[in-house]
């Protein structure tokens with residue numbers, strides 16, 4: 001008997017036929033809770049707060065936001081890019097720390113900067129396939145606590161060399177050794193994106209984040225985190241980075257990676273940061289059964305990839321793919337969240353896909369808020385779920401080291 005594959009999209013059901021004897025009914029997936037910690041600046045608010053504690057805080061907040069109990073969560077996917085020195089199974093630590101049952105299935109994912117978004121995609125697929133009823137997708141990172149490495153073996157005469165684990169495993173191209181910023185300078189040069197454009201974009205990002213905090217645009221998604229500073233307990237309830245820029249000096253900064261001719265600087269690139277974010281997912285039917293109020297429906301998700309050194313162009317590749325899967329066009333999207341690993345990334349997306357800048361990262365992004373690499377993919381979904389107005393559609397994309405990108409389309413309910 002021949003095998004056929006047929007995908008049929010409907011409003012509340014998708015049927016995937018593998019053969020005449022096997023079929024899977026795909027369930028529509030909704031986000032019923034979404035929360036994040038504030039983003040802490042490098043070696044600042046969360047300098048001594050383990051990433052697992054941040055992950056637990058985000059998960060607790062998302063569960064509370066969904067009006068569920070920790071015991072109702074069945075499976076969790078958590079992204080983390082630099083898990084060294086976190087203890088065994090850091091995602092599992094975060095889940096148990098949030099009060100979930102020991103029977104909760106937990107998987108950690110590493111897709112570098114896209115880890116958090118990929119985790120949400122995996123959590124959505126688990127619900128779509130009917131494997132679980134209530135899942136979590138999220139991401140966490142404490143870049144401040146990433147360790148230095150010493151190679152095993154006999155210590156040679158003349159001393160040993162420390163390797164920065166954050167740079168080695170998170171921020172440098174594995175094939176050329178180039179820092180991510182140097183790779184981005186290549187993309188900017190090839191695509192005619194100037195230093196002036198990058199600086200102006202960065203200024204807009206900082207201005208939008210400042211205005212967003214002043215207007216309360218982030219309030220519904222933030223989970224305060226208590227930390228210890230000296231002998232005192234301090235509650236962190238706001239992002240730090242957007243307050244730490246001097247816009248007057250921004251244009252005067254030297255290139256950070258390519259001396260003289262480079263356009264990427266410390267101000268128009270994202271900053272090293274710490275934080276965690278999580279989304280609670282379930283099916284439409286289960287949400288109705290539990291009388292939960294969904295925030296948004298997941299319409300499509302997917303991935304794309306290109307040459308590793310050109311990772312900054314990958315968001316422009318994944319967006320058309322997920323729009324096609326959702327049956328939408330660029331004009332159908334009300335709000336765009338494209339991770340600002342560097343200002344070059346959203347500038348490239350807007351240039352390639354003809355996107356209205358007024359709809360792009362309306363409350364700022366990684367440049368002004370910070371970019372905890374394992375968290376950011378989840379953060380932009382959390383924010384979009386809260387920021388969209390009922391009936392509006394949003395598209396999110398995030399590039400990642402190695403040349404990849406992940407994307408997702410959601411609709412606010």
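Yeah, the Cβs are placed from backbone N, Cα and C, and that goes for glycine too.
As recorded in TrEMBL, the features of this protein are as follows:
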- 113: active site, acyl-thioester intermediate (ACT_SITE)
- 371: active site, proton acceptor (ACT_SITE)
- 399: active site, proton acceptor (ACT_SITE)
- 29-283: domain 'Thiolase N-terminal' (DOMAIN)
- 292-412: domain 'Thiolase C-terminal' (DOMAIN)
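The structure, with features from TrEMBL marked on it.
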residue: 113; record: active site, acyl-thioester intermediate; DSSP (3 states): strand
residue: 371; record: active site, proton acceptor; DSSP (3 states): coil
residue: 399; record: active site, proton acceptor; DSSP (3 states): strand
For this session: Would you mind listing, in sequence order, the residues at least six apart from residue 371 (active site, proton acceptor) in the same chain with a Cβ closer than 8 Å to its Cβ?
Result: 113, 270, 271, 272, 273, 339, 340, 341
For this session: Using Cβ-Cβ distances, find the residues under 8 Å from residue 399 (active site, proton acceptor) that belong to the same chain and are at least 6 apart in sequence, listing them in sequence order.
Result: 113, 114, 311, 312, 313, 314, 315, 339, 341, 345, 405
Exercise. Per DSSP, what is the residue tally for the domain 'Thiolase C-terminal' (292-412) in helix, strand and coil?
Worked result: 51 helix, 35 strand, 35 coil
